[in-house]
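First up is the structure itself, then whatever we jot down about it.
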Amino acid sequence: DVVETQEHYKSRWRSIWIMYLTMFLSSVGFSIVIMSVWPYLQKIDPTADASFLGWIIASYSIGQMVASPLFGLWSNYRPRREPLVVSTTISVAANCLYAYVHLPHSHNKYYMLTARALVGFGAGNVAVVRSYIAGATSLTERTSAMANTSACQAVGFILGPVFQTCFTLIGEEGITWKLIHLQLNMYTAPVLFGALLGVINIILIFAIFREHRVDDMGRQCKSINSEGEESGGLDQDAEGNIDHVAVVAINFLFFVILFVFAVFETIATPLTMDMYSWTRKEAVFYNGIILSVVGIESVIVFMVVKMLSKKTGERAILHGGLLIVLVGFFILLPWGKKLPNIQWQEIKNNSIPRATSTEMLMPFWSLEALQLPSNRTVEPVGCPITQSWCLNTPMIYLAQYISSDILIGLGYPVCNVMSYTLYSKILGPKPQGVYMGWLTASGSGARILGPVFVSQVYTHLGPRWAFSLICGVVVVSLLLLEIVYKRLIAFSVRYGRMQE
């Protein structure tokens, strides 16, 4: 056994911090333009409609879902610096493409779709980041490192829209650099800033990042990715088979966790507009505040869960997190007798056009950009009569909605961190790139299917059916967790090399 040297320890944690930064920049790349995609799309291509906007938003997750297993496989056999640099370079190039999508004379919306898909493809390096952190930490360090990784991801999602807001000061026209045909305005400046951050990330990967690996007990091991540059003993504990039942179970649980959170994000704006007669502007503003608070709550939870897991273990915390999410959606079920306000006015006065179902179900970050037609003097508010359930489904009180937000904001980050942590421990000393790629891909698939599911069920059947089905899915997840509970143990514990 080779005891880890102080120099190795410092270099190992410097590299892990570079992975934290990579994770942060990946989530910033997604969220930094999310509030401005719709107005920019309308500006560069008037033929684009709201349904095409949905494809542009989904293209990021589709790109990430495709790329994650590929980059993960690459990282299993080659130095991780290679997929990290290539993926980040793709993201930088995609951001630059996004800044130039106004130039072509036609089909601009397809160029934007391509740019966002490529940014998502570059974000497939999340699998490489998590597999590296899993291999470069001992069992006692793992939960804390995974929590820090998820916290960096959450902070990136929170700060992205903040950066976007700062760039609005440049204005819609901005300045034009004619020599290279570059328009620097409130739509292009954020992506160019993201590209600059990506270049800095690449430089830091070359300058600071090194391949490191330790076994579950923290002993220095030789890494398969190191090209002989690191010393250390070969991991003798890699013998044994991975419990694939546990692996599939965690993949399913992770899919459910991200699925229900995607539903929660998507439904926030149309639900509040229907139940509380909020205008689009009010719904965007209030839900923006609520989701920002939920984001801050999540970061705090990431920090707390690191300490809590040392006392209770990851499985118990995952179980508790799922129960909290279940209660959060159960609270959202309509129980009272009072019905929501109906948009009767638009029946009496046909000159006032109503919001389409597509507009009603667009997430808050795209609704902000919607403009009322000049001939509309009053925006109809309340539950649209086109949704037949509005006539017989009780309203969800604001106290229910706020309580649900708090509980889901508490349960989601707990489940997120515990899923990654348990997954990495189950895989143990085996190469984790491909497995982490599949886990990331399952999360990306959930973010694609969640909004589609809730938009269809909510529109046609209403919140009672939508949230009842979600509760049912979470109950199935809890039953699955009970069935595989004893199998969700670390690889070294399973083979008797360590005590749990």
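Glycine residues also receive a Cβ, built from the backbone N, Cα and C atoms like all the rest.
Database features (TrEMBL):
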type     : residues : note
DOMAIN   : 15-489   : domain 'Major facilitator superfamily (MFS) profile'
TRANSMEM : 17-40    : transmembrane segment
TRANSMEM : 52-72    : transmembrane segment
TRANSMEM : 84-101   : transmembrane segment
TRANSMEM : 113-133  : transmembrane segment
TRANSMEM : 154-171  : transmembrane segment
TRANSMEM : 191-209  : transmembrane segment
TRANSMEM : 245-264  : transmembrane segment
TRANSMEM : 284-305  : transmembrane segment
TRANSMEM : 317-336  : transmembrane segment
TRANSMEM : 401-423  : transmembrane segment
TRANSMEM : 435-453  : transmembrane segment
TRANSMEM : 465-485  : transmembrane segment
Excluding the flanking five residues on each side, which residues at least 6 beyond the ends of the transmembrane segment (245-264) place their CB within less than 8 Å of a CB in that stretch? 318, 322, 325, 329, 408, 412, 415-416, 419-420, 422-423, 426-427, 435, 438-439, 442-443, 445-447, 449-451, 453-454, 466, 470, 473-474, 476-477, 480-481, 483-484, 487-488
Interface present between the transmembrane segment (284-305) and the transmembrane segment (435-453) (three or more C-beta pairs under 8 A): no
Within the same chain, where does the transmembrane segment (465-485) have neighbours whose Cβ lies under 8 angstroms from its own Cβ atoms, ignoring anything closer than 6 residues to its ends? I mean 6 or more beyond. 245-246, 249, 252-253, 256-257, 259-260, 263, 267, 315, 318-319, 322-323, 325-326, 329-330, 332-333, 454, 457-458
Please indicate, using numbers and ranges, the residues of the same chain that are 6 or more beyond the transmembrane segment (191-209) and have a C-beta under 8 Å from a C-beta there. 14-15, 18-19, 21-22, 25, 28-29, 32-33, 80-81, 84-85, 88-89, 91-92, 95-96, 98-99, 163, 167, 184
Using a threshold of three or more Cβ pairs below 8 Å, and leaving out pairs closer than 6 in sequence, do the transmembrane segment (52-72) and the transmembrane segment (154-171) count as in contact? no
Between the transmembrane segment (52-72) and the transmembrane segment (113-133), are there at least three Cβ pairs closer than 8 Å, leaving out pairs fewer than 6 positions apart? yes
Look over the recorded stretches 17-40, 84-101, 113-133, 284-305, 401-423 and say which has the most C-beta pairs under 8 A to the transmembrane segment (317-336). 401-423
For the transmembrane segment (17-40), I need the partner stretch with the highest count of C-beta pairs below 8 angstroms, choosing only from 84-101, 113-133, 284-305. 113-133
Same-chain residues at least 6 beyond the ends of the transmembrane segment (113-133) with CB under 8 Å of its CB atoms are 15-16, 19, 22-23, 26, 29-30, 37, 52, 55-57, 59-64, 66-72, 74-76, 80, 83-84, 87-95, 97-98, 101, 145-146, 149, 420, 424, 431-433, 435-437, 439-440, 444
Residues of the parent chain within Cβ reach of the transmembrane segment (84-101), under 8 Å, 6 or more residues beyond its termini: 22, 25-26, 29, 33, 44, 67, 71, 108, 111-112, 114-116, 118-119, 121-125, 128-129, 181-183, 188, 191-192, 194-195, 198-199, 201-202, 205-206, 209
